[in-house]
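Scroll down for the structure; my scribbles are underneath it.
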Amino acid sequence: MGKKKYKVVEESAELKEEHEIQEEVAPQDGIKKKLNVRARKLFHPFMSYLKSYQEFAKNLPRHFLEFDEEKLAEQEENMEEDKSDENEASEDEQVVHQTNEKKKGPQFGNATRAKTIAELKERLAKMRGKKLDYQERLKKKGIKSRLTKKERLEERAKLKKEKMKAKKTKGNLTKPTASEEEKPDVKSDIPKKPLPEPKMVFSKLELPEEEKFKKKENKDPKRMLQKIQKSQAKLKTLEEKGKVETVKKIKEKLSWDKAIQKAEGVKLKDDVELLKKTIRRKTEIKNKSKKKWDQRKESVDHRKEEAQKKRQENITKKKKEKKTKKIKKSIKKGRVVI
C-alpha cells in the first residue's frame with residue numbers, strides 16, 4: 001500500500017510540471033502566430049513598393065545614385081563661405097548707414113538747411129511759437145478728464161478757504177470780507193478819497209424788563225384760608241388797641257392790590273365761604289377714594305384666601321388619591337394592608 005501511494009504522488013508531481021511548461025510555452029506560440037499573420041498581410045504591399053522604387057531609380061541619372069564624400073565636403077565648405085561673405089557685407093552696410101546719419105544731422109521733413117543766421121533765428125522763433133503748453137498737450141492726448149478733476153479739486157479748495165475766512169470775519173464790522181481782499185485793484189492810478197473812520201452802530205432793541213424772582217403761590221385752599229384768617233385776626237387786634245387809621249391804610253392798600261391783580265387777569269381766591277366749600281369737596285373726594293381703596297384691598301385679600309384654600313384642598317385630594325391607588329395595587333398583588 002505504501003509503494004502505490006508513493007507512485008501516485010510522483011505521477012501527480014510530473015503532471016503538474018508538464019502543465020506549467022505548457023502554460024509558459026503557450027503565450028510564446030500565440031505571439032509567433034500573430035507576428036506571422038501580420039507579416040503575411042504586409043508582404044504584398046512591401047513587394048509592390050519595392051518594384052515601383054526600382055522603376056523610379058532606373059529613370060534617374062547616375063550622379064544621383066553615385067555617393068562621393070569628397071564632393072559633399074567641398075559643397076558644404078562653399079556654402080559656409082557664401083554665408084560668411086553675406087554677413088560681412090550686411091555689417092559694412094550698417095556701419096556706412098550709421099556714419100551717414102551722423103553726418104547728415106536732424107532733418108525736419110522736406111526742409112532744407114538754413115544758409116544764414118537770420119534764417120535760423122526765424123525758424124527757431126516759429127518752432128517756439130508752435131510749441132504747445134502742458135495743458136494743451138494733455139488735451140491732445142485725450143487726458144481731459146484729469147485736468148477737469150484737478151480744476152474741480154482746486155475750486156473746492158478755494159471755496160473751503162473762502163468759507164473759513166467768512167466764518168472768522170463774521171461779527172467784525174471793520175474787517176473786510178474775503179471777496180473784497182481778493183479783488184484786484186483795477187483803477188490803481190486814480191487817487192482814492194479818504195474814508196471816514198468806522199463807527200460802531202447798535203440796533204435798537206426793546207428788551208423786556210427783568211422779571212423779579214416770584215415765589216410760587218400756594219394753591220392749597222386750607223393754607224389760603226389760614227392766611228386770610230390770620231390777617232383778619234391782626235386787623236381786629238389793631239382795632240381793639242385803638243389804631244383805626246393804620247387799619248384803614250392797610251385795608252386801602254389791600255383793596256388797591258386786589259384791583260391791580262384783577263386788571264392783570266389774576267384770579268383772586270379770597271372769599272372765605274368758597275374756600276370752605278372747596279375744602280369740603282376735596283375732603284369728600286378723599287374719603288370716597290379711601291373707601292374704594294379699602295374695598296379693593298378687602299376684595300384682593302378675599303381672592304387670595306380663596307385661592308390658597310382651593311390649592312390646599314387640591315393637594316390633600318391628590319395625596320388621598322395616591323394612597324388609595326397604592327392600597328388597591330397592594331390588594332391585587334396579595335399584600336396585607338393594615
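Each Cβ is built from the backbone N, Cα and C atoms, and glycine gets one as well.
Annotations in TrEMBL come from automatic prediction, not curation.
Under the heading region 'Disordered', TrEMBL lists 68-129 (among others).
The annotation compositional bias 'Acidic residues' is assigned in TrEMBL to 75-93.
Annotation comment: TrEMBL describes 116-129 (among others) as compositional bias 'Basic and acidic residues'.
What TrEMBL records for 159-170 (among others) is compositional bias 'Basic residues'.
Sequence annotations record features per position, and here TrEMBL assigns region 'Disordered' to 159-203 (among others).
For 178-196 (among others), the entry in TrEMBL reads compositional bias 'Basic and acidic residues'.
Taken residue by residue, the region 'Disordered' (280-338) breaks down under DSSP into 54 helix, 0 strand, 5 coil. According to TrEMBL, the feature region 'Disordered' maps to 280-338 (among others).
The feature compositional bias 'Basic and acidic residues' is assigned by TrEMBL to 295-316 (among others).
Residues of the same chain that sit 6 or more residues outside the compositional bias 'Basic residues' (317-338) yet have a Cβ under 8 Å from a Cβ within it are not found. Taken from TrEMBL, the feature compositional bias 'Basic residues' covers 317-338 (among others).
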Same-chain residues near the compositional bias 'Basic and acidic residues' (295-316), Cβ under 8 Å, at least 6 residues beyond its ends: none
